[in-house]
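Enquirer: Quick paste from TrEMBL:
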ACT_SITE  H126  active site, proton acceptor
BINDING   Y75, R78  substrate binding site
BINDING   Q108, N109, I110, D111, G203, T204, S205, N229, P230, Q231, A247  NAD(+) binding site
BINDING   C134, C137, C160, C163  Zn(2+) binding site
DOMAIN    6-261  domain 'Deacetylase sirtuin-type'
Amino acid sequence: MSQAEGPAVEVSEEVLEALRGASRVVALTGAGMSAESGVPTFRDAQSGLWEQFDPSQLATPEAWRADPPFVWAWYAWRVGLVRSVQPNPGHCALAELADLREVAVVTQNIDDLHERAGSTVLAHVHGSLLDFRCMDCGAPYDGEIEVPTEPVERLDPPTCPECQGDIRPGVVWFGEELPRAAFDDAVAALEALGPGDVCLVVGTSGIVYPAAGLPAVALSAGATVVEVNPQETDVSDMCHLHVRDTAARVLPTLVERVRSG
Ligand code: BJW
């Protein structure tokens, strides 16, 4: 398992002891988890044609209804991006941790990098970029997706073979309800943690609700909550321990040290 470049990662004995002592681990992951794979974090996601637009204005049903080809072009470009990148050592380390502890991965990420690293993801609470469905009738769509090789301003979404409606990405936009089963599974995994277990909160700003409320569930269950993030976040205060470094550097170190006892 390789660790990303740079000076040695500093992980406190407290963090190592917490993880060594845990029977169960729930990893709550956000955009920072995939940053070192080359997927920009959500709030850095503006690039190229989109740098003049606010992603939080694009990721809404209102934006879609106002101009489907404009929003679809953004998602189609991101489909190409996600397909072109690889899991990073952080994703791989979490997959390997499942050989050592009972691990549940709950992610806000809409990419499939945890799965490609070998993890079984318990819950994609904000859906999946690669699951498409009809905006009108909700039928799943598994037809071809035209992926632009570079950002384009507009692209017509595919058409639903059932009702001729527009096909949309299977993500959760602002103002939309989270997939109930996924969110319930996430809460249940966190409630099942006990004292001595660990919740890893990796690479999320903790700004977006209700996902930002999940670390509090771990806290109430009595688990030790460990944040892995180079920056302080809106959920830092509810984490017992913090590792201020990146996912692709910290997670391999943690797993290696747990493995070696
Ligand atoms: C690294 C790193 C490295 C960098 N290693 N770390 C108050 C209370 C409750 C709700 C609300 C409220 N006010 C408003 C709301 C509603 C709203 C909300 O939360 N808004 C906030 C902005 C305030 N929430 C919703 O609308 C949700 N739905 C809802 O509430 O429904 C209610 C309802 C009920 C019944 C009927 C109908 C409705 C839905 C939220 C959907 C969020 N969707 C998005 C877009 C997905 C599609 C797409 O990608 O285009 O999901 S928004 C975006 O943010 C995306 C992410 O999953 C999500 C979270 O972002 P994340 O992962 O935290 O990333 P970043 O970029 O913010 O942070 C990255 C972090 O990584 C940083 O901390 C870096 O330091 C760190 N980092 N490199 C480790 N290498």
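Each residue's number is its place along the chain shown, starting with 1.
Cβ coordinates come from backbone N, Cα and C, glycine included.
Any TrEMBL annotation is an automated prediction that lacks curation.
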Enquirer: In the three-state scheme derived from DSSP, which category covers G203 (NAD(+) binding site)?
Expert: coil
Enquirer: Going by Cα-Cα distance, pick out whichever of the recorded positions Y75, H126, C134, C160, C163 is nearest to S205 (NAD(+) binding site).
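Expert: Ranked by Cα distance from S205 (NAD(+) binding site), first place goes to H126.
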Enquirer: Rounded to a whole angstrom, what is the C-alpha distance between H126 (active site, proton acceptor) and C137 (Zn(2+) binding site)?
Expert: 20
Enquirer: With the Cβ under 6 Å from ligand 1 as the test, give me the qualifying entries from the binding-site residues R78, C137, G203, A247.
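Expert: If the test is a Cβ under 6 Å from any atom of ligand 1, the answer is G203, A247.
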Enquirer: Of all the binding-site residues given, Q108, S205, which residue's CB has the most CB neighbours within 10 A?
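Expert: Going through Q108, S205 one by one, the largest Cβ count within 10 Å is at Q108.
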Enquirer: Can you check which residue among the recorded positions R78, H126 has the largest number of Cβ atoms within 10 Å of its own?
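Expert: Answer returned by the neighbour count: H126.
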Enquirer: Measure from the CA atom of P230 (NAD(+) binding site) to the CA atom of C134 (Zn(2+) binding site) and give the result in Å, rounded to a whole number.
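Expert: Their Cα atoms are separated by 38 Å.
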Enquirer: For G203 (NAD(+) binding site), write down the residues of its own chain that are at least 6 apart in sequence and whose Cβ falls under 8 Å from its Cβ; none is a fine answer.
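Expert: The answer is T29, G30, A31, G32, M33, S34, A35, T41, V228, N229, A247.
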Enquirer: Q108 (NAD(+) binding site) to C163 (Zn(2+) binding site): how many Å between their Cα atoms?
Expert: 30
Enquirer: Rounded to a whole angstrom, what is the C-alpha distance between C160 (Zn(2+) binding site) and Y75 (substrate binding site)?
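Expert: Approximately 17 Å lies between the Cα of C160 (Zn(2+) binding site) and that of Y75 (substrate binding site).
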Enquirer: Mind looking up the mean pLDDT for the domain 'Deacetylase sirtuin-type' (6-261) in the predicted model?
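Expert: Mean pLDDT for the domain 'Deacetylase sirtuin-type' (6-261): 95.
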